[in-house]
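Chemist: According to TrEMBL:
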- 7-64: domain 'CBS' (DOMAIN)
- 68-129: domain 'CBS' (DOMAIN)
- 134-192: domain 'CBS' (DOMAIN)
- 208-258: domain 'CBS' (DOMAIN)
Amino acid sequence: MKVNEIMSKDAVSVKEHDNMTYARQLIRDHFLRGLAVTNANGKMVGILKNKDILNIASTRSNVTIEGFVNDCPLITQETDIMDAAKLIIASDVGLCPVVASETDKEIVGIVSNSDILANIGSHKINTKVAADVMTTDVISCNPQDILTKIWPILLSSNCSGLPVVTNSDELQGMITIRDIIRSGFVRPAISEKNQTQSKDVPSVEQIMSTPAYTVSSDTSVKECIEKMLHYDIGRLTVVNEEKVIGIVARTDILRASL
């Protein structure tokens, strides 16, 4: 199967000299996980991930996109979807603009790991269960944590979201980069930190996504994919007797399918 059969053809894009505040508004308004970035001639130069938006402080409204653009692999309409999966995983972008050809970098669409998951047919995952693909080194947070505490965790890790767990180990939800962007909260600049009181910063429980979508360790990978696509989520929490034991992310499943 080729990329042009599964890609979204209405890719939202920005120019590299646009302001990051404009990109942030687009991502927030359209619930996007990233934006294709073009040069002045409309040719693809890379991708802006929603995580990059977290780097922007509230007083830096004149910062342009070009300093935050991520290189992305060359994926054309004729690229096989499993080859596209390998490229997306290797580049750690999650989604990638699709260009007309290897010589013409005009953007004709965008393809994401979700698009590939929805069309995957690998025999390698037919018999696998969550325990076979999950990440067991789970980073979690507390409902009472404030956003400025989890901000650096999300920026420095490969996590797009963290399970929210109480002091008594009760799973309450998931907080994601998308939740933070949707909340409208912006990271204070260094000059503002002394003026920003903790009471002014939202807590995790105020903006987290609920309920927490869970699976057991013996849930089939096929069912994991179905849940991710149905609820439009990127991560499932794996539980055993209501205790968190792992995370299954889109990338975990794609990697296991190759």
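Cβ coordinates are placed from backbone N, Cα and C, and glycine is handled just like the others.
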Chemist: Can you tell me how the residues of the domain 'CBS' (7-64) break down into helix, strand and coil by DSSP?
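Modeler: Grouping H, G, I as helix and E, B as strand yields 15 helix, 19 strand, 24 coil.
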Chemist: Within the domain 'CBS' (68-129), count helix residues (DSSP H, G, I), strand residues (E, B) and coil residues, in that order.
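Modeler: Helix (H, G, I), strand (E, B), coil: 20 helix, 16 strand, 26 coil.
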